[in-house]
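Peer 1: Take a look at this one; I'll ask things after.
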Amino acid sequence: MVEEEFMNEFLKKTGYQVYKCKKCGERFWSLVPRDTCPDRPCSKYDFLYNEYKGVPPLTFDEARRKFIEFFTSHGHGYVDPYPVLARWRNDLYLTIASIIVFQPAVTEGIVDPPYNPLVIVQPSVRLEDIDNVGLTFGRHLTSFEMGGHHAFNKKDQYVYWVNETLQYAFDFFTKIIGIEPENIVFKESWWEGGGNAGPAYEVLVDGLELATLVFMKYKIVNGKKVRNPVLVVDTGYGIERIAWFTQRTPTAFHTIFSSLLETYKNILGIDEPPYDVLKKIVYLLSDKEIEDVYMLNKYLEEIDYSEYYKSLVDTINLYTALDHVKTLSLMLSDGIVSSNTGEGYLARLVIRRLLRTLIRLGIKVSTLEDIVLELIDKQAKYWKGRYVYDKFHRRLDYILDVMSYETRKYIDIVTRGIREVDRFIKKKKKITFDDLIQIYDSKGIPPEIVVERAKHYGQEIRVPSNFYSLIAARHGGSQALIKEKEHELPDEIVEWASKHDPTKKLFHENPYLRRASAKVLDSLNEYVIFDQTIFYPRAGGQDHDKGYVILGNEHIPVKHVYKVGEVIVHQLATKRRLVPGTQVELVIDWYNRYRLMRHHTATHIVLGAARKVLGEHVWQAGAEKTVEKARLDITHYKSLSDEEIRKIEELANKVIDERIDLKFYFLPKFEAEKRFGLRIYQGGAVYSPILRIVEIPGWDAEACFGTHVYNTSEIGGIKIIKAEKIQDGVIRLEYIASTRLPEYISDLQKEVDKALKFLGAKGLPISIVAKKVSEELDKYKTLLIQYRRLFKEILLKHLLEEALEICGLKTVVIEKQLEDEQLYKSIIEDLSLKKRVLTIYVSDKFVEIAIHPDEANNRKLDLRKLVEILQNMGGRGGGKPDHIYIKIKEPKQIVKLIVEAITNLLCKA
């Protein structure tokens, strides 16, 4: 069935006719007869050699400017680009297209767009095709600009649809870019993404797709197409491709990076094939699907250009480096923190692929860090003052710091990883694709190293050409982020509450209100909904209020408070039904509430302080505010120093001393974003037309549901009591505020007094006592070393005197339980390595057996065979041919068996 959007009037009126491509079988519209569509692989990049008299060459910046000017002159409001880190979404990590800015809030009619229609040129990042970067000479990029003009049609507001969209595309490409109408083809297509779908047209000119025009009329619900409440025009014009088309350079990289490409060639020592040769190769290969360098070599042989294979492979790696450095600069300058989860994982994936690419280009590990930092610096200089890319320069210190840290980490992983890979390969008879992913995910070791090591063991492994693309897809932008559940209400209660009108939130109107009257709207079991409430529910990491409901002379405790949409549900301590319409009094525990208010405001202050001390990349990764303390998880790539913690605390307390009045606003979504920036989404995405903004002027502003003090001075003071790295890329700060401070100090003093009393030094300064204890410990450590050495000499002499002789090999069995781990390990080492004695150490829980590697080799002895024997007796362990360790129950009872087994092994050997 042909979608109605493909039966449009504009194309017919303009003289376009429908044709069917003889190669791909798809329908397309053209002004001139054609057998095939001008889309690869049905056609080559004919644009590279065609003469377009009316098409002047445009730079990347000029192509963007012309696109914006055309649509603003046609009544479209201009929207500034958003970051590539999609903080306003809870189902995506990265901004993969311009429509992402408006999904799902605008596309589903929840929120009105800032303008209708609108135009935006959105830098985007897609990693699903990362392995194709370079190989396709610019058709695939990990970061690119998507020019989008969007219209949102509702029942009561028609803006424009198919005919107008096609008219805009036709006019832009003919009147602004200067392409002859006969060269422009509209190919029918279908598009899905971000939960929406619809028919589409691809705008093709001589082998290059310049734009896609999508008519988003469906949303995908449980895998099925459902009519969308808003008909969305979603267009994507490739700004880089438009510039490439007008310049007709051999690759898109020459157009995008221009002089920077030459700079990178000099730094990396790369020579491209001659310009004309490169252009010819790109043209001849443009209708081929090249998945890897092996296929590249095959096709070069077919077109008689195989002599350029080595040069072309290096050139492709050069293009990859250019692309990846730009993408990383985008990701990091927008605040992504490299880690092993979420968007941080994706950043690290690009970083490590870049590093591997540079190593393939012959960069030595010893100079890798310096080269990476130079490439980053040159990229920042190239983009300085140009569109959003100026932030590369502004945030260069952070980008360089992260890249330096990640490069050193990668070198360490690769260096240590060889041994781990060797062990893994020895265990596995055949390395699978899942094994490669496991090694990469758990150890960070790239598949290329596994391949190299496997060759030493006679294994041939072929890494899928799209390995990194598959990795990106597994961890990528389309998967939902894990969100903490705010409550565990029964489904029936959630369904019941959802049917009611929003509760009036008195705790927002006046958070200092301790008592208020309310009317019962409904109740079910112990759950009650009032028309209004002063009780704050558990939400946004803040604990719920405590208190009670006064019904006549009865005081009913409130056990828990929940938020279901805009309805506040109160759970009473007893199961009882309150009659709808009944008037009650609500009373909160003010002591509890006020502490929560101060801890919540303290959290906003600490977050602002952390950002000022550590950098703009700091973002809230989680938070909890309780009566006892508060915690804030922040994104940061390394542990905090004592000095950094001190500075954060000092800045936070300065804000308290400045006695700043907080401000509270209820603003439309896009107005809030424009006024305060996307940092308002510290607590995650908010899908609401109106946002509640809590501002500490000059310090912090966030979309926040919580209760706060009116002035920062009410907090009294903030003390950070703990700072730790809880996972890669996340630091947890724990702190207390207000009246918790004297309690904390009192608790600390009690612990100090206990310690001093235990040491018999009550009343003395703890630093003096600690110094004295430390000095005494050092003295006893020295004595212990001397005694250990003396005891070891005596024990070694005794053990050697009682040594067994097994087939000509001196053997010592140690059945004495040595609680001193350092001593027993030293004895095993001395006996096995220095004395060349087969050593069997038997403790209460394990057996450890060691021999000099040369002795094991000369006698063809493999101690691991003992592991197999002991595993049959319930033992667990492993090791090397010359050293094994086995945990086993009651090992002393099988000493005789162990000796017999060793005797059999030795005598047979």
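Counting begins at 1 with the first residue displayed.
Placed from the backbone N, Cα and C atoms, the Cβ positions cover glycine too.
This is the feature table in Swiss-Prot:
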BINDING   His600, His604, Cys704, His708  Zn(2+) binding site
Peer 1: Across all chains shown, how many C-beta atoms besides its own are within 10 angstroms of the C-beta of His708 (Zn(2+) binding site)?
Peer 2: 24
Peer 1: What's the number of neighbouring CB atoms sitting within 10 A of the CB on His600 (Zn(2+) binding site)?
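Peer 2: I get 27 for this one.
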Peer 1: Other than His600, His604, Cys704, His708, which residues of the chain come within 8 Å of the Zn(2+) site, judged by Cβ distance to the Cβ centroid of those residues?
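Peer 2: Neighbours found: Thr601, Thr603, Leu662, Val694, Glu702, Gly706, Thr707.
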Peer 1: Show which residues of the chain containing His604 (Zn(2+) binding site), separated from it by at least 6 in sequence, have their CB under 8 Å from its CB.
Peer 2: Val694, Ile696, Trp699, Asp700, Glu702, Cys704, His708
Peer 1: Helix, strand or coil by DSSP: which one applies to Cys704 (Zn(2+) binding site)?
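Peer 2: Looking at the DSSP assignment, Cys704 (Zn(2+) binding site) belongs to neither helix nor strand, so coil.
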Peer 1: Under a three-state reading of DSSP, tell me whether His600 (Zn(2+) binding site) is helix, strand or coil.
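Peer 2: In the DSSP reduction, His600 (Zn(2+) binding site) maps to helix.
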Peer 1: Using a 10 Å radius around its CB, how many other CB atoms surround Cys704 (Zn(2+) binding site)?
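Peer 2: Other Cβ atoms within 10 Å of Cys704 (Zn(2+) binding site): 25.
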